[in-house]
Amino acid sequence: MLDLKRIRTDFDTVAAKLKNRGVSEDTLTHLKELDEKRRTLLVQSEELKAERNIASAAIAQAKRQKEGATQQIADMQKVSADIKTIDNQLVAIDQQVADIITVLPNTPHDSVPVGADEEDNVEIRRWGTPRDFDFEVKAHWNLGEDLDILDWERGAKVTGARFLFYKNLGARLERALYNFMLDEHIKEGYQEIITPYMVNHDSMFGTGQYPKFKEDTFELADTNFVLIPTAEVPLTNYYRGEILDGKELPIYFTAMSPSFRSEAGSAGRDTRGLIRLHQFHKVEMVKFAKPEESYQELEKMTANAENILQKLGLPYRVISLCTGDMGFSAAKTYDLEVWIPAQNTYREISSCSNTEDFQARRAQIRYRDEADGKVKLLHTLNGSGLAVGRTVAAILENYQNEDGSVTIPEVLRPYMGGETVISPK
């Protein structure tokens with residue numbers, strides 16, 4: 001959530017930054033007007049309360065001296081009624097302010113490219129060279145069926161579209177991947193966490209999914225619980241409402257969890273395969289950092305995700321998302337896109353973001369600065385390290401062989417009992 005004081009004192013800068021994120025200046029102007037009216041009413045309320053205190057003292061003095069206080073009582077009752085009217089107005093204005101400010105996206109960092117959509121994203125670097133196949137490549141969903149490791153038909157029967165069963169060496173490959181990913185992140189100083197897979201509405205607000213993106217989630221009917229869309233939500237909210245010791249920062253968390261997405265706006269997109277599912281595993285990275293260190297931590301986090309792809313030998317590129325393509329809470333985001341041969345293109349497999357103090361303000365996560373003893377908002381970062389199902393897809397396609405088999409990347413073999421290849425039955 002944005003700082004209302006910043007909007008008040010640096011309106012033009014904030015308006016210009018949010019314009020690049022699709023927010024009209026009229027929205028901010030209305031917010032500023034509401035804020036000004038609210039502050040005026042607060043002053044009036046305080047002045048009336050001071051009058052009421054004086055009137056109350058005068059009534060008490062009159063009663064002690066056994067004098068009549070009819071007029072003073074009438075005056076105080078009028079003042080009290082005026083205070084109640086103003087307080088009711090303040091409640092209404094506070095709600096209007098909340099309705100606007102809670103759905104405003106984060107302001108982009110100055111280094112973020114300005115643009116409208118993914119066409120304006122900027123490629124930063126590439127790693128690896130896509131393999132030159134001398135046979136016709138198969139899509140991962142066909143490979144999965146032919147190898148008897150992915151079962152889409154029974155997934156649809158048991159649950160519905162965009163669900164599947166992993167089986168045999170497919171299940172082992174999925175498990176090998178997330179164990180490998182977790183082990184690599186632990187080497188880099190991340191604490192492994194097993195999170196709840198349901199969170200409450202306050203947690204969803206804290207990380208920015210609520211109220212704006214409710215339709216993208218699965219809520220449990222008649223409860224305060226939501227299935228997590230990403231482990232970012234429980235990991236970030238771990239410290240919600242707390243004040244951390246500045247000497248402990250930065251703090252690194254990692255977790256593997258299922259992620260549940262309704263994909264409300266994705267009808268007709270990626271209807272086959274592992275790219276877009278309602279339920280998938282993802283290894284998440286979350287950091288809590290001091291503001292002056294957070295962008296250095298973003299580069300490290302991105303490198304941590306790249307490390308996984310490099311050790312798996314998967315070609316990828318790093319993209320800096322433009323202002324129009326970034327997620328709601330992000331101030332800056334790098335996407336890692338892995339090469340998918342059957343589609344002859346790169347597809348997102350990780351997204352690493354610095355939200356600055358946007359989530360920390362919503363979730364009230366602060367730290368005590370050891371330098372001056374002041375309590376301040378920290379910065380939160382999050383990143384995929386990696387989306388496991390998409391990594392399975394990338395391995396199946398990039399490591400496929402002409403005979404229909406798939407070679408298992410060397411780093412995963414210890415996690416798969418020494419298996420070196422997945423062969424057709």
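The backbone N, Cα and C atoms fix where each Cβ goes, glycine too.
These numbers come from a predicted model, not from an experiment.
From the candidate list Ser320, Ser350, Ser351, Ser384, the residue Swiss-Prot records in the L-serine site shared with Thr230, Ala231, Glu232, Glu284 is Ser384. When the Cα of Thr230 (L-serine binding site) is compared against those of the binding-site residues Arg261, Ser262, Glu263, Glu348, Ile349, the shortest separation belongs to Arg261.
Same-chain residues that are not part of Thr230, Ala231, Glu232, Glu284, Ser384 yet have a Cβ within 8 Å of the Cβ center of the L-serine site turn out to be Val233, Leu235, Ala255, Ser257, Ser259, Lys282, Val283, Met285, Val286, Asn382, Gly383. Among the binding-site residues listed (Ala231, Glu232, Glu284, Ser384), Ser384 has its Cα nearest to the Cα of Ser350 (ATP binding site). Cβ packing within 10 Å was compared across the binding-site residues Thr230, Ser262, Ser350, Ser351, Ser384, and the lowest neighbour count falls to Ser262. In the three-state DSSP scheme, Ser262 (ATP binding site) falls into the coil class.
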